[in-house]
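Right, one structure below, let's go through it.
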Amino acid sequence: MKPLINLIFLKQWKAYIVLLTILISVICTTQVVQQAVNQVFSMPIAIQDMDETPESRKLIDKVKDAPFINTQLIEKDEAYIDDVIKRKEAIVAFTIPEGFSKRLSEHDMRDALPLFYRDDFAGSIAQEIVSKALYDVQIPYIVKKYVDKDHEVNRDNVVQTYKKETPKSKIKQFAVNRVESHSVSMNFIVSLLLLCASLQIVLHRNIAQHAALSRIFMFPHTRIQYHLLYVLIHTLLIMFCVRAASIILDAQMSLYFYIVVLFTVIIYEYVLSALLIYIKTISHKMFMTVTFSLTIITVLNLLLFG
């Protein structure tokens, strides 16, 4: 076993460092690209708060919490807020007027928010997000209005009851569960990692010392030990990178995902360990490795998305 450890691990430490650096670079590059894409798909909304009350700040926070929304505050002395849309700095702009909190408590919200939006699909979505945020702010006041017909009740108690009794969104739960098992970004990264990991055929070319291997394989079970050791080291390396990618991208993946990836990587590394020592020509090794990598990536994605 010691000769195998020396051949596969100790003498190959530089190759492992290079391979790990390549895989980490792939993860970091993907992270940068994903952040750039998210910025492209973000919807800027400009808000002018003339009221500056807890209720107006609550409305602003509701808008901020919406996904893919990038909010920017307009100064109070800005006379024409629609200019930010003309300058393409925002797709929706609205003013929270003075007396907003009073109108909220009096249930007088008709034409309460002067709003301008870009007349396209993204503008319509952003307008709906603002409408929903305004509705969420009104709910406690609406509930209190009807409860007060029977007996006095504190608005804060209404808010607590509303939060407690509001059912969880089934659509949101379903989406979250699907993402945990079938993350497109994580599947893409794992596919890239496996494809880049095929470079180990070149990096570990010194392992294919046929004279040395012939002498080592003369001992019982050493051929099996070679495959086990090679698969173990590279599987740990790739799974470490997969876990690192999930942390960096903040992707909460399910146990099913990791089990499928683990068994796929084991099969992948076993085949590569065989190609490394049984195929002598480097060009043939690379062709067969790339072909097999693309095949195993296809199978992996079918398993995860199927």
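Backbone N, Cα and C atoms are what each Cβ position is placed from, and that goes for glycine too.
Of the listed segments 128-147, 188-207, TrEMBL assigns transmembrane segment to 188-207. Below 8 angstroms of C-beta separation, residues 180-183, 186, 190, 194, 197-198, 200-201, 204-205, 207-208, 210, 213, 226-227, 230-231, 234-235, 238-239, 242, 285, 288-289, 292-293, 296, 299-300, 303-304 of the same chain, each at least six residues beyond the ends of the transmembrane segment (255-279), sit close to that stretch.
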